[in-house]
Amino acid sequence: MVFTWLQAAILLFFLGGILFAAGPLVGSLLLAPKAHGGAMGESYECGVPTHGNSWIKFGINYYFYALIFLAFEVDILYLFPVAAAYASPQGLATTFKLLVFLAVLAAAVVYFMRKGVFTWPRKIQVSPRP
Amino acid sequence: MAPQNPSLAPAVNTVDPALIAQPAVQKLVDVCRAMSIWPMTFGLACCAIEMMAVGMARFDIARYGAEVFRPSPRQSDLMIVAGTVNKKMAPAVVRLYEQMPAPRYVMALGNCAISGGPFNIENQYNVIQGVDTLIPVDVYVPGCPPRPEALLEGLFAIQQKMTGRRWWQVPQGGQS
Ligand code: SF4
């Protein structure tokens, strides 16, 4: 046999997953009548007309907070497997790699600190302040 | 009835038939649809309280497969117009109807939605005198407000409209 049973099972599950996701979409494409026109093409569905268009400038404050979240979150997330693996000794090279990883994430935090994000201002200036 | 709402356009209701429109297939799918109606979470006035009661344990619309009240028109196939439709609200009702995917059904719940109900008076300037002037209504459930059983009966009527038969037994003393 070309596959082992494990590989066959993985392939079967993969196929099942694709069918599970695509099946309803294809089914509705084939079986459902299609309504169109009116407000069907609008992006919002709360019953209120869309105001203005989406090509406007909007504040990137939340983007910053998302990045901070990411910096700390990714830190924690990837340190869990490290902590699990450190139960057995790993050698100096691994420690160095870990420090590089931490340094990159710390750079992001330092960057935000320099930008004054941690004073939690009402408005974050992207350009350096005078 | 149309000229009474000069500023409001009735809903656009263009529906293309399904790609596989064979009656045998559609009949089967219709039964599936009728047994899993997803109403829209959408109440306008006092009648909505009865709609909430229907969702709760005592009347339990889940027994008939319609308990999944969706907060989005894109996911619902039954709009229960529960309450007074006034001119301020009417455009939203029309938009929500237009955003529902086909096949879509509308139940006018209560006298307000059917005809304006208690607000159907001379020189009425604010309340739409019947939601069927704006969107096509499939089932009218009268009452002010209708009893939850009446709403269930309206649901049965919609299921009957979808599949061509009544699925549940007629309650004692009632006629189909
Ligand atoms: S029909 Fe009666 S109970 Fe229902 S919304 Fe109108 S006034 Fe309220």
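Placement of Cβ uses the backbone N, Cα and C atoms for every residue, glycine included.
Per TrEMBL, the features are:
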BINDING   B:Cys46, B:Cys47, B:Cys112, B:Cys144  [4Fe-4S] cluster binding site
DOMAIN    B:46-157  domain 'NADH:ubiquinone oxidoreductase-like 20kDa subunit'
Residues in the domain 'NADH:ubiquinone oxidoreductase-like 20kDa subunit' (B:46-157) grouped by DSSP into helix, strand and remaining coil: 47 helix, 16 strand, 49 coil
Predicted model, mean pLDDT over the domain 'NADH:ubiquinone oxidoreductase-like 20kDa subunit' (B:46-157): 91
Most Cβ neighbours inside 10 Å, all chains, among the binding-site residues B:Cys47, B:Cys112, B:Cys144: B:Cys112
Additional residues around [4Fe-4S] cluster, ordered along the sequence, whose Cβ is within 8 Å of the centroid of B:Cys46, B:Cys47, B:Cys112, B:Cys144: B:Ala45, B:Ala82, B:Gly83, B:Thr84, B:Leu109, B:Gly110, B:Asn111, B:Ala113, B:Gly117, B:Gly143, B:Pro145, B:Pro146
Protein Cβ atoms within 10 Å of B:Cys46 ([4Fe-4S] cluster binding site), excluding its own: 14
